[in-house]
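Worksheet: one structure, shown below.
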Amino acid sequence: MDFGSLETVVANSAFIAARGSFDGSSTPSSRDKKYLAKLRLPPLSKCEGLRDNLSLEFESLCSEQPIGKRLFQQFLKTDERHVPALELWKDIEDYDTADDDLRPQKAQAILAEYLDPQGTLFCNFLDQGMVTRVKEGPTGSQDGLFQPLLQATMEHLSQAPFQEYLESLYFLRFLQWKWLEAQPIGEDWFLDFRVLGKGGFGEVSACQMKATGKMYACKKLNKKRLKKKKGYQGAIVEKRILTKVHSRFIVSLAYAFETKTDLCLVMTIMNGGDVRYHIYNVDEDNPGFSEPRAIYYTAQIISGLEHLHQRRIVYRDLKPENVLLDNDGNIRISDLGLAVELKEGQNKTKGYAGTPGFMAPELLRGEEYDFSVDYFALGVTLYEMIAARGPFRARGEKVENKELKQRIISEPVKYPEKFSQASKDFCEQLLEKDPEKRLGFRDGTCDALRANVLFKDISWRQLEAGMLIPPFIPDSRTVYAKNIQDVGAFSTVKGVVFDKADTEFFQEFASGNCSIPWQEEMIETGLFGDLNVWRADGQMPDDMKGITTEEAAPTAKSGMCLIS
């Protein structure tokens, strides 16, 4: 009997069972009651100091933070003066993500309901000059049609309505959630499943948050290996960038904590495996992707790169292995340990970083470079998705790094027949040796890439709203990862002793919950709805007074309601 294969089968079965529904969400039965009981809103007496330490910026509190946005909208709904602005806000967001064939009808409804003085929800706070321009402008399905109205609405809400919110019970409820969000968390909150892969400093395994049942991927960075290989800088850079960037095309960081041996990053689990695995391992007799599938992934990578570059972050390690598929078949880019953040006023950086075969000529020559190196790597990635080999070596060819460097710097790329003229031309523009001529990030956007004929069938608005159906949907019964025995194990690191500076670094790294992903988890798994209990008479809820559900039970006739 092959015990290695048996171990993989058992581990895969446990992992798939824990996943439950393949979307990675949880059900009440998958929650650990002991840890679920710890997720309880505190009495207000514990939240008194939070208001003074909290940034009271409108956009952060009421738009960016998911729980903050929900509570602010719930507050607006309780006051008829604010309902028109609330409903206009929601309807514009609905219009922005609607299918093209539904947009004209939704646009007409917005004009009639909110901009007409006879409308049921007429918004009298809007500047009439702006209203006239919107009414007289084009109508239909174009993007940004109501952007001026949305900006004006948010400006209106950030004034008196926001100040009223700050004095309301709904803001006190937000403080309760912020207190809960700030509570310490460690490895005991997570249940580990099978190893999914291995990086330079440790393993990546599937894990489950015990209180909510939500599945994640846990990247474990061995402390001794980090110190021995001088990996502290890369680890903290990756954590800082993941904390800062929130994009559907980049993995999200939900938790950061330490154990005795590891620094742990708990991130979005991508159950579909990595693109390299799909290129070579899913159909070994027919490696590579059809062109439409490769184009779809390329479009999503472009959106992810744009989000990084708009935040002045050079990725430096784009390759199929770092592009992961989620449950639905959409991709996110991962592994930002080699990324570098350009300072304000700094346009370029320098340094040897990346994976052989994916590094741009200017980087290999030791020159300064900018975001353009990532678009060269995108060209290599697109080429490999279609051809099932890199552009600078034949499949299975062993090439010394010195020879590979020379090919990248000076040799032209040859394209097999699998490439259409459009995909070849696009690849050529990405693999341009001269970074000044290379297609890429210009004037703060990737619009020049989006306009390429290769993407004529892609609706970028729907792509970025997560509305398109991917060309490949992973099988819920399959684990898209190497067998456990093929992942390999790390050797023991000896002779490493930690000092005070190391301990301080570990403590800084282990910052606990990350606000936006944590709030999203509370909403997605139903915990927000379960705990967001209000009295029907509008008075202060019992949990704010420190009265438990059991203690409040005898007076339940006074009426309670749930709002999620």
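Any Cβ shown, glycine's included, is placed from N, Cα and C.
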Per Swiss-Prot, what member of K178, K214, K219 joins L196, G197, K198, G199, G200, F201, G202, E203, V204 in binding ATP at one site?
K219
Of 1-15, 241-255, 256-270, which span is tagged region 'Interaction with RCVRN' by Swiss-Prot?
1-15
Mean pLDDT over the region 'N-terminal' (1-189): what is the value?
86
Whole number in angstrom, please: the longest C-alpha to C-alpha distance across L196, G197, K198, G199, G200, F201, G202, E203, V204, K219 for ATP.
14
An 8 Å radius from the center of the L196, G197, K198, G199, G200, F201, G202, E203, V204, K219 Cβ atoms defines the neighbourhood of the ATP site; name the other residues of that chain inside it, in order.
K220
Within 10 Å of the Cβ of G202 (ATP binding site), how many other Cβ atoms can be counted across all chains shown?
21
Rounded to the nearest Å, what's the C-alpha distance separating V204 (ATP binding site) and D317 (active site, proton acceptor)? Just drop the number here, would you?
18
Highest CB neighbour count within 10 A among the binding-site residues L196, V204?
L196
